[in-house]
Each structure stands twice: as C-alpha cells, then as structure tokens.
There are 2 protein chains.
Amino acid sequence: MKGKILELLKKNKGDFVSGQKISEELNVSRTAIWKYMNQLKDEGYEIESVSRKGYRLILTPDVLTYDEIKDLLKTKRIGRDILYFNSIDSTNSKAKQLASDGKGEGTVIISEEQTKGRGRLGRNWVSPKGKGVWMSIIIRPDIQPIDASKITQVTAAAVSKSILELGIKNYIKWPNDIIINNKKVCGILTEMSGELNKINYIVIGIGINVNLDENEIPNDIKDIATSLKIESGKKVSRKQLVANIFNNFEELYEELLNKNEITHSIEICKENSAVLGKEIRVIFRNKEIRGKAVDLTDEGELLIENQEGKIQKIISGEVSIRGVNGYV
Amino acid sequence: MKGKILELLKKNKGDFVSGQKISEELNVSRTAIWKYMNQLKDEGYEIESVSRKGYRLILTPDVLTYDEIKDLLKTKRIGRDILYFNSIDSTNSKAKQLASDGKGEGTVIISEEQTKGRGRLGRNWVSPKGKGVWMSIIIRPDIQPIDASKITQVTAAAVSKSILELGIKNYIKWPNDIIINNKKVCGILTEMSGELNKINYIVIGIGINVNLDENEIPNDIKDIATSLKIESGKKVSRKQLVANIFNNFEELYEELLNKNEITHSIEICKENSAVLGKEIRVIFRNKEIRGKAVDLTDEGELLIENQEGKIQKIISGEVSIRGVNGYV
C-alpha cells in the first residue's frame, strides 16, 4: 500500500493529491494514509501536507528501496524481493541467516550502511551511509559446491557490465574485484552453505564504492581503493546501477542454470580483464605462484604461464599485478 | 558446581552425604545445594534426601550429559563443550546456528530426542527419546571446501571403530552410513559453510540407532534400518559409545590437521568396508554408475571398475549393493 501511495504521489509530482482522492482510489482510510505518509517521510521522502489540499511529493530521496528500483527492473526473480535496511551489521550475515530460515532465490538484502561490512577471508569493508551499494543476493542453484566459483565469475561479469553501461570503463581483477586505475571500486564475497555434494544456498555479497568522495576513503587504503564518483568525476545513480546489476546478473546466471555453462560471463570477464597478458603473482593458501596470466578457462579458472612455459590452472587466490601497488 | 556436587555424591555412592559436608567442601550455600539437587533430579538422577542425614544418590540415569561422559574422555578438544538437550528439532540445525554465532571447534550438541531429525539431501531421520545417539560436532579445520568429504571418511572410521570397541562388528557403506546385516544403524550428515576457498565451519551430524527395539523401528523402514541392540542382542552403553567416538574422532582428525592426510581413517574404512569387492550401483546427481567397487583412494574417493575394466573415481553418491534390498 505504501508503494501504491508513493506511485500516486509520483504520478502527480509537484501537484497536490487530496487525501480524499487517495482514500477513494486505493480504498484506504485517511488515518492509514497519514501513517504511510509518515513512514515515507522516515525513509527520506519530502512530502508537503496542506489541509484541504492534500499531499505533495517534493523530493524523492536517493534510497535503494524496491519502490525506487522496480521501474528499472527487467528481471523475473532477482531483486523482486528486496529487504531494505537503513543500517545493518553486514548484508551477507543477514542474508545467510534469512537463507537458513528458507528465504528464496533472488531475495536481496540492501542496506544504506554496514557497521561490520566484511570482505574476503574475514577482512573489514568500509561501507558508509548512502554512499555505496552494499547488498547481498540469495541464490539456490542446483550445482555442486565445487562449481560455486562460477557464481563469482558470473557476478563479476554482471557488475562490470553494469558499471560500463553507466559509461564508466572498469576492469575485473580476477577472481572477485572490480578496479579502475588499479584501485578497487567493488568487491564480491561469495559464501555458501551445503552438504558435501549439494548446495543449500549461496549468498553473493556485492560492495561497490559509488559516490564516496576522496575524504571518505580512509587514508590507509587511499592507494588501493577508489569510488565510481572519484574516477568518473560525476555522481552516479545508485538505483540505476543496482537495477543494471540485477538485470545483467539474471541474464548471465540463467545461462548457468539452463545450459550449465558461463560462456557469456567468461567473455565479459576476458574483455574487461585487468590481469590477462600481465605478469602477476598469486597467493593461494600461503603458496605463491608467479607468471603471466594467459587465459581464463570456460569454467572461470585462471591459466598462468611460468618462466619455463609451463601452464598452471588456479581456481582462486589473491592476485597482485606486477608494477602496481608496490609489487615490482 | 552441579557437576562437582554430582561427583561428590557418586564418590559416596549408596551412602548419605550431609548438606553440611557438601557446603564446606565445595564452599556453596545450603540453599544453592538444594537448588542443584532439584536440577539433578530434573535430569533423571534419583536422589534421596533425609533430614539430618543429607543426600544419597540412588540411581544415575542413562543421559548423555558432559557430567556423565567426561570420565571416559581422553580428548583435548572434541566433546569438551557439550550442549545437552532433552528434545530439539535437529542437532545439525542447532549446531549450524551456534557455529554461525562463533561456537568453537569441538563443541558438541547432543539431544535425547530430535523432532525434525534430518538425513542426507533433506531426508527425515527417526530419532526417538533416549534410544539413540543424536549429536552434531562443530569443527573449523583449515582445509579447502573440496577436501571436506575427507571429514565424512574420518567420521565413518571413528564411528565404525567405536562400535567395534563395544564388541559389535559393523560395516561402512561408503560414503557415510554404518550398516549391520545390510541394515543401517548409523548415518553421518556433513554440512559446511564457507567462502569458495575457505571453510568457516563444518557440522558433522551423527545419528546412531543404539537401543531401539524392533517395535521402535517404523514399519516402512524395517527392511533397511536396525539398531545396535537388535543386532547384538544386548543393551549398549550410550555414554561409552559417545566417549569412544570422541576419542577416536579426535585421534583420526588430528592426522588430517597435522599431516594433511587421512591414511589411518582410510585403513579403517577399507577394513570395515561393506562395498569393496562388491558389485554396486551409484546414483550421483541423476547419473547412474554400475561396476565393482575396487578400492578407496588416499583421499577417500571410491574407485569403481566397469565391465570394460575402466576405472572411475567418484567423490560422493548414493550406493546400492547388488543382491541387497531389491537391487539385483
């Protein structure tokens, strides 16, 4: 009902809509309308109410609620059930909890702020209020745990393509970061729960530094982190970005579900790769591999050629690119 | 303190211990003693209290509390933190929840009864009160998700050895059942949570039909399920069985942690195997493989030789043994 009232206000943007009219069109009591208006105000909508004239929408806030995103969505499942939070400890933690309780595929947890945002391997992730996209998608694919890393490639492809659609060139630092000018703008944290040969659910955490200004990037990570706004010089629509991601993700994910392949995602990952053709170092469980990143396999593994020309295939790891950020 | 009072009563089994003495020895008030005695009575201990004589332990119940198991334990970590329930929906569900909240390695959830016990792939598991061992162990090994199936082999070996130590011959039906006379007495359900290349935790569910009588096995599974009591003709000490499992599991698990191998477990799995040398059928994700089970690898995978002499290696699946339970 709140969403319907909001739609009505938006349709009449700038003009007053009388309580009488809302009440009749939506078959809702005047008291209930008043209650919903207050909820909308709490979410950041500026609504003017004048007696005998009614209600008028003055300002739509930049919030990532379903009501604000839905008109931009082309998806069937992804992002059709959005749980929106003003502040939360971690969207991945919340998503895992909800997934355990049975929340279905495509459910998304979005928060304006994370107080305990997490990156890979339990690391901290700075997630200030209203400045980024901090969200987690719940999926329940019928695949093997060993194939779960494909989901990270699908997600990286979807996010990279979505940022590009906003006119901002970006690169995928295999396996799960998006970078611009060799600085991170997005991290992807894929977590799973399952039996040994059956996935119960996967939670895909996506953290994007969207509209953070220079002074909002902590000093100690200024060399390695940036935001879309800093790099493109303009404020980016978070709503459009989120909708793009859902649209692209669903399309690429369906290829995995329907054909059990991720060809289209791998194409995007290759086109936008930050590592292919570069000398890199990969740290994987305390072992180090050095060589040239030469290709991605159809499953999303990275092929590295060492000095002797031997090719190694790796499924995950911490990648450094030679010549960047102190690795010489 | 409750445990200390119980110890004192046990030490003086049959004789009265005065409230005065308990109070002095353990530095606890008479009121507190009275409270703890009531708790012990609630757990099933029969305690006689006679004024001016004190308290006397008449009967120790067959319960799987830490107080009852601890004297039999040789472990450092496994089973040193036991959460005991009279009734619970599922020990695995509870263990996963506690593990998410940070409960440490070796923590065990034991319940006298499960109201929603689960087997593999979401199947139901009958778990009547006081008749079995229904428990889940939380571990946090620093291994890859792909290596998690080793944990199932370690557990199968530990349980099989532990039952054998009670004088009952039993067989491991790879990968995760223990059978006697081709009927299941124990199922193991290993579940994990993690990132793509890092395990957060593994929960090992162990369900053993211990002292169920014939009439307590549901009719529709009488052909495929049995209990230790039915097969051995005698009541089995659940406490001793649980302690054996913890002791054996810790020893075998440490081999994995310290040497990254499970040689000792695989030896036990081979010795007690119900499938090696047999014609079997394995169903794995809707595919069927038929052939002779010829060996286990050092990692716990099953090698199957088909009619053309070709060897296939499988990491998991639903095994039927030819000639048993309708598979001809």
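Residue 1 is the first one shown; counting continues down the chain.
Glycine is treated like the rest: Cβ placed from N, Cα and C.
Automatic prediction, not curation, is the source of TrEMBL annotations.
Among the residue ranges B:19-38, B:139-158, B:159-178, B:199-218, the one that TrEMBL annotates as DNA-binding region is B:19-38. Each residue of the DNA-binding region (B:19-38) gets a DSSP state, and the totals for helix, strand and coil are 17 helix, 0 strand, 3 coil. Summary: among the binding-site residues (B:Ser90, B:Thr91, B:Asn92, B:Gln114), the fewest other C-beta atoms within 10 A of the C-beta are counted at B:Ser90. Sequence-distant contacts of B:Lys184 (biotin binding site), defined by Cβ-Cβ distance under 8 angstroms and a gap of at least six in the same chain, are B:Lys173, B:Asp177, B:Ile178, B:Asn209, B:Ile224, B:Ala225, B:Thr226. Cβ-based neighbour count (10 Å, all protein chains) for B:Arg118 (biotin binding site) stands at 22.
Of all Cβ atoms in the protein chains displayed, 18 besides its own lie within 10 Å of the Cβ of B:Gly119 (biotin binding site).
According to DSSP, B:Gly119 (biotin binding site) is assigned to coil rather than to any helix or strand.
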